[in-house]
Amino acid sequence: MPRLCVCMLVLVLALATFSEASWKPRSQLQDASSGPRTNGALEQHQLEKLGPASHHRRQLGPQGPQHFIADLSKKQRPPMEEEEEAYGWMDFGRRSAEEEDQYN
């Protein structure tokens with residue numbers, strides 16, 4: 001029985017932690033749908049309404065889809081030298097096999 005209580009407590013705490021990021025009061029939902037705004041103005045308005053409890057989130061900055069795309073584009077870079085060397089070795093093996101066929 002105590003083990004079940006501990007498991008339930010851990011489950012409730014985990015759900016509360018994960019749901020905190022997606023929870024919004026109704027007033028914020030109504031404000032967002034009440035009128036058209038630019039993305040910058042909307043983000044600034046939301047940051048002002050968040051208050052002191054979200055100090056760490058404000059330090060992280062906006063986390064919209066456009067920021068994820070920018071992060072992904074940073075990760076796409078030219079192949080590393082090690083990969084190029086590996087391709088050279090594979091090519092060397094292929095050329096060696098072709099040369100052996102020519103001599104036989």
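A Cβ is built for glycine as well, from the same backbone N, Cα and C atoms used for every other residue.
Noted from Swiss-Prot: of Phe68, Phe92, the annotation phenylalanine amide belongs to Phe92. In the three-state DSSP scheme, Ser96 (phosphoserine) is classed as helix.
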